[in-house]
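Features reported for this protein in TrEMBL:
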- 11-118: domain 'Ig-like' (DOMAIN)
- 126-216: domain 'Ig-like' (DOMAIN)
- 222-307: domain 'Ig-like' (DOMAIN)
- 322-347: transmembrane segment (TRANSMEM)
Amino acid sequence: SSIKKDCFLAPTAVEAWSPCSQGQFPITQNVTVVEGAIANMTCRVDYNDNTSLQWSNPAQQTLFFGDKKALRDHRIELVRASWQELTIRISDVGLSDEGQYTCSLFTMPVKTTKAFLTVLGVPGRPEITGFTKPAMEGDVITLTCTTSGSKPAANIRWFRNDKEVQGTTKVNATGKSFTVRSSLQFQVDRRDDGVAYTCSVEHVSLSNPYMTTEVLEVHYAPHLEITHSLIIPQEGQYLKLECVSKGNPIPEPVLWSKDGGELPDIERMIVEGRELTITTLNKTDNGTYRCEASNHLGTSSAEYILFVYDPNALGQHGPDHALIGGVVAVVVFITLCLIIVLGRYLARHKGTYLTHEAKGAEDAPDADTAIINAEGNHVHAEEKKEYFI
């Protein structure tokens, strides 16, 4: 309470400062800005009796003393100067402006407070190198993504289409900023043809990552296969064969042949691009049809064996369902008969065994006599046993 009272006392000729200004320190805050932006540095005091405030840079050069500019730098301007506040503005902040700034209150003794200005270096747009256009299947290539000027060091991520893949990253310091490189090495195959490789740069100074994308072109040897329009070709029908080719560059032209020679009937065997259509099939069309195509990496071929069926032999109505049903019925009947015979056989042998044990007992007048007769038969049965040594 005594200090609060002293704060309202007017300074005397001998005492040029009050206990309030003597006991307090300036209030500052650390500032973080992106390179090229504006930094506002503010220093405040709660009580002040005409005591000046001063801002100094990391090199301890005075920037402003009260409202008086001390350093000739057109980027540094005064925003507000009073007995309780001194705010300055630094425009187009560079990495060299980063450091510890000092606000001083000129009491006896002088009170100082530090504020750290952090400048974030914005990474440059990434660039991808190492693309060979076109790449050849089987080649081993190394893609490198580079970004410079970041502070702190940027983070690089790789994507193969939408799936992330891992690269190898190296960070080099260049003055106060960093150059980051990430490399991705792999062996190229035909599955990489048309795949987009994306380098993404993430940094605290960016609201959205910087991205750059390259599409890989891969050349590979052709591969052919023949598709056909009919499962069971029959006389009188028309058949379409298509030579489906995969390769880069596209293998062409497609050449058709039959049994190692030219197509024998060009009026019925019509070639249009990759398709061969045979109209009005007959038995003379049976044989092996071959398509062949090539590019600068190689040649490929595919074959189709044609067998033309007689529709009369196949039947006009498809499979005979009545015949199939009859065969199934016979099989079921035979199975049931076997089950019945087996059951009767087992039942007969079981009954014979029981009757033999009870022989002589079934005609007894009472139960005691039946037991005696049964035991007697058992004894006789034991006597009739023959032993072979």
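Using the three backbone atoms N, Cα and C, a Cβ is placed for every residue, glycine included.
Across the domain 'Ig-like' (126-216), the DSSP tally of helix, strand and coil residues reads 3 helix, 57 strand, 31 coil. Averaged over the domain 'Ig-like' (222-307), the predicted model reaches a pLDDT of 94.
Sorting the domain 'Ig-like' (222-307) by DSSP state (H, G, I as helix; E, B as strand; all else coil) yields 3 helix, 49 strand, 34 coil.
In terms of DSSP helix, strand and coil, the domain 'Ig-like' (11-118) has 8 helix, 48 strand, 52 coil.
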